[in-house]
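Going by TrEMBL, these are the annotated features:
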- D195: active site (ACT_SITE)
- D390: active site (ACT_SITE)
- 150-168: compositional bias 'Low complexity' (COMPBIAS)
- 177-509: domain 'Peptidase A1' (DOMAIN)
- 63-92: region 'Disordered' (REGION)
- 122-169: region 'Disordered' (REGION)
- 1-41: signal peptide (SIGNAL)
Amino acid sequence: MAAAAAARCAGHGGGGGGGFLLRRRLLAAAAFLAAFGLCAAADDAATGRGQGHDHVMLSVEDMFPDSSSSSSSCDAPPRDHRHGATSSTTRMTIVHRHGPCSPLAAAHDKPPSHGEILAADQSRAESIQHRVSTTGTGRGKPNRSRRRQQQPPAASLSSSTASLPASPGRALGTGNYVVTVGLGTPASRYTVVFDTGSDTTWVQCQPCVVACYEQREKLFDPASSSTYANVSCAAPACSDLDVSGCSGGHCLYGVQYGDGSYSIGFFAMDTLTLSSYDAVKGFRFGCGERNDGLFGEAAGLLGLGRGKTSLPVQTYGKYGGVFAHCLPARSTGTGYLDFGAGSPPPATTTPMLTGNGPTFYYVGMTGIRVGGRLLPIAPSVFAAAGTIVDSGTVITRLPPAAYSSLRSAFAAAMAARGYRKAAAVSLLDTCYDFTGMSQVAIPTVSLLFRGGAALDVDASGIMYTVSASQVCLAFAGNEDGDDVGIVGNTQLKTFGVSYDIGKKVVGFSPGAC
């Protein structure tokens, strides 16, 4: 019976001119696939295709980056030689902060566990949803008991420094991709987390008045930079901060994140160097003199949100409010962060819904396809709370009804192929055991947006791998239908995601890195 199935599957491959040996190889590959009911996948193996209309082939080995990898095994940085690119685009290299390509890699004893990653991700998602629910323009329900507002510490930088007030909704967990920037004159290099869900850029500074967390590079020393200056309390820029204070006539800032991490210090100006040839003079950032938290030994954070203190808004005259990023499929890979309008236009675009609230990049999700089939989800399900694209969230969050439909369709397709279910992992409840398998065929997943834009999720972004015996659908459902949906970085892998604040569009381009 198995032999017949293999022959039937191999017959899909066709092709009579390959000879006896080629035919045997095709039959061997088809036998493996037929054992799991994957005739369509056998067709792909025979013809050299890696993806069908309803499924995508994924190597189980590729789900596990080599734990022994070092920076010498990292993929080469993406080159800025794309068709249509111009010199007006500034390109920076993105790496995963816990991967071997990160400048921080030598500083880690070991990366965080999957439980820690998912717990931190849940904290970030709930914090985003809390902020949306309290902005007034967001659609979430406020004052939910499970969302305790997190307060920045009532601390002072010195005896003459006023305590910073509470920061409503500023609790955001930090992201997990990093870039390297230069700061000061002469420039010193710093590895910072980049985050589309935050506005204010900051780094740890000397002196640490109370405490600083451990970081890989030396702390930024304002005294060593000839272009450093504190922002005055009377300056309009000081009022751009969500939370501000004043000490000796100098502006203070304070930010806190979902895991309780925080940074407090002076709001300042200096030269920010984005690449070896492109500098932003008079860039306003936080010079943190009291900092604490789990920042993975990064020097600070690069804020890429839509607020007035963010890098895209501060550099609007230089880059036109345009930037793009591509996150690598694996931690051994590299991606890019571009600034400027010189990049080729994205393959598809969707409106940026700027009226929905501050900071975040809101888009209008309209549907989901699984295995090429549109799921029966009413558009009102997505419209109820809205959706944001967020580089710092790992797992995409969907409205409960949308996630239930996605999970059911995905599970049905996996069951039809005979895959074994596995125990849930944290917030991931649809998991499979791929022990002993070399390749698997999983249903395609596409996220649909207003304007006809589609994000056909890359194979590397459909599932989250804990181990060969626990590989889970990398989506989760929100607790309430009014919680804002979040398109996370796992689903954005390999896509060029572009943001144009002036034109108010978000774009997606597949296979960009």
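The count begins at 1 with the first shown residue.
Cβ from N, Cα, C; glycine included.
What TrEMBL says about a protein is an automatic prediction, not a curated fact.
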Cα-Cα distance linking D390 (active site) and D195 (active site), given in Å to the nearest integer: 8
Number of Cβ atoms other than its own within 10 Å, given for D195 (active site): 26
Other C-beta atoms that fall within 10 angstroms of the C-beta of D390 (active site): 27
Arithmetic mean of per-residue pLDDT over the domain 'Peptidase A1' (177-509): 93
